C-alpha cells in the first residue's frame, strides 16, 4: 500500500487552531456554556467556508476532502486539550474543558484527545494529500473509520451513563454531526474502487487449494484470534459482575480500572464483547475457508477500532487522573502490558496479512484455467 503525500495546505490551516484557541481563552463570553457552543459553531462554519474557497476543485472531486480538512483542525484542538490537561502547556483550551466538555478532563478523555491529535491528524493529512494527487486512500480511510467510530461508540455512552452525566452541556449536541458525518464518509469509502491486485487466477487457485495446516501464518493468526476472543469474552463477563473467582481476582488485582465509575472502561469491554467478539469468529472462519473477500476491508476497520480502544484503555488505566485505587497495581504492570499489547497487535497483524497476500481472500475463479498449447 502506497502512503500518499501529506497535504501541506491543510496542515497550515489546521495549525491556525494554536493562536485561535489561545485568543479565545481570554474572551469573557466563553465563560458560559451557551457562549462556548455558539462560538464553536461559528468557528466551524467559518472554517468550512475557508476550506471551500481555498480548495473548491478538490471538494468537487471528493467531498470528503472538506470533512477531513475540518476534522484535521479539530484534531489539533484535541491535542492542545490533552497537552494542557497533562500540564505541558497552559492558556489554550481551559475554557472549553471547563464550560464545554468537562469529561475531556478524565483520563479516558485525555487519551482519546492524544489519539485524535496524533493518529487521526496524520491520517487526515495523508487522505487529503491523496485526494489532491487523485490517488486512492481507501485503506487509510477504512482504518480511520474503525478508529473514529470506536471512539464515538465508547465516549458518548460513557458521558451519558458515567459520573459526568450531570455535567453534560449544550456542546454535547455538537457531537451529532461527528456521528452522522463518519457514517456517510464510511459509505463513500466502502464504495470506492479497491486497489487492484496482481494475483492471477492460477495463483488464486493454488493458494486457496492449501489447507490451514499448510499455511503456518494463517494458522498462527487463527490461534491468536482464538485467544483474543476468549480474552474479549472474559473481560466482558468481568464488567458484568460475573461471580466466578477468576473474574473477581482479575478486576481487583490486574485491571481495577474496569470498576472506575466514569464507566468508559465498562462500555469499552461491552462494545468489544458485542461487536469485536463476533468479528473474531468471522475472521477465524475467513482464515480457514477461502474466498471471503470481505475480510481485508473489515480487518482494516477493526484494526483501527482496536488500536484506538487499546491505546485509550491502557493509557487511562495508568494515568494520574484515574484514582489510585482504580489504577493498575505495580506488581501487575508486566502482565497488563503484555496482554493488552498483544490484544492490540492481533488485528493489525491480520490486516497486514490481508494486504500482504490477498489471493486467499479473493473470489475463486469461475472455472478451471485454460491452458493454451501451440499447435504444430
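FYI, residue positions are counted from 1 along the chain as it appears here.
Using the three backbone atoms N, Cα and C, a Cβ is placed for every residue, glycine included.
Any TrEMBL annotation is an automated prediction that lacks curation.
Per TrEMBL, transmembrane segment is recorded for 33-52, 64-83, 103-125, 137-156, 168-187, 219-252, 272-291, 298-320, 332-352. Among the features that TrEMBL reports, domain 'EXPERA' is placed at 61-186, 217-351.
The transmembrane segment (219-252) makes no contact with the transmembrane segment (103-125), as judged by fewer than three Cβ pairs under 8 Å among residues 6 or more apart in sequence.
Spatially, the transmembrane segment (298-320) is adjacent to the transmembrane segment (137-156); three or more Cβ-Cβ distances between them are under 8 Å for residues at least 6 apart in sequence. For the domain 'EXPERA' (61-186), residue counts in helix, strand and coil come to 103 helix, 0 strand, 23 coil, using DSSP.
The largest share of C-beta pairs under 8 angstroms with the transmembrane segment (137-156) comes from 103-125, of the ranges 64-83, 103-125, 168-187. Taking every recorded stretch in 64-83, 168-187, 272-291 and counting its Cβ pairs under 8 Å to the transmembrane segment (33-52), the highest total belongs to 168-187. When each of 64-83, 168-187, 272-291 is scored by its Cβ pairs under 8 Å to the transmembrane segment (103-125), the top-ranked stretch turns out to be 64-83. Proximity of distant same-chain residues to the transmembrane segment (168-187), defined by a Cβ-Cβ separation under 8 Å and at least 6 residues beyond the stretch ends, is recorded for 33-34, 36-37, 40-41, 64, 67, 96, 99-102, 141, 145, 148-149, 152, 156, 159-160.
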